[in-house]
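To start, the structure itself, in structure tokens.
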Amino acid sequence: MKTLLLTLLVVTIVCLDLGYTLECHNQQSSETPTTTGCSGGETNCYKKSWRDHRGYRIERGCGCPSVKKGIEINCCTTDRCNN
């Protein structure tokens, strides 16, 4: 009986994937690609892009922030989906 309960507990933990952390790219513009683990149960990655006096700019990270007019943002929900 104990073995069955232990097996059910392990299966539950594996199925629920307790402790899962979303991983997002966090490099800016044309920097070497890097990733970060998102904190606080964050469920989105974002890629924000705009043009300024320095040229075309890109920012990546965790979350899905609000942006001003003229800034394009793409939000997604899977690991490293914001490249």
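Heads up, the Cβ atoms here are built off N, Cα and C, so glycines get one too.
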> If you look at what Swiss-Prot says, which of CYS15, CYS45, CYS62 makes a disulfide link with CYS38?
Replying inline: CYS62
> For the disulfide-bonded residues CYS45, CYS62, CYS76, which one has its C-beta crowded by the most other C-beta atoms within 10 angstroms?
Replying inline: CYS45
> Closest to CYS62 (disulfide bond): which of the disulfide-bonded residues CYS24, CYS75, CYS81, going by Cα position?
Replying inline: CYS24
> Between CYS81 (disulfide bond) and CYS24 (disulfide bond), what is the CA-CA distance rounded to a whole number of Å?
Replying inline: 7
> Nearest to CYS76 (disulfide bond) by Cα, among CYS24, CYS38, CYS45, CYS64 (disulfide-bonded residues)?
Replying inline: CYS45
> At the level of the C-alpha atoms, what whole-angstrom distance separates CYS38 (disulfide bond) and CYS45 (disulfide bond)?
Replying inline: 9
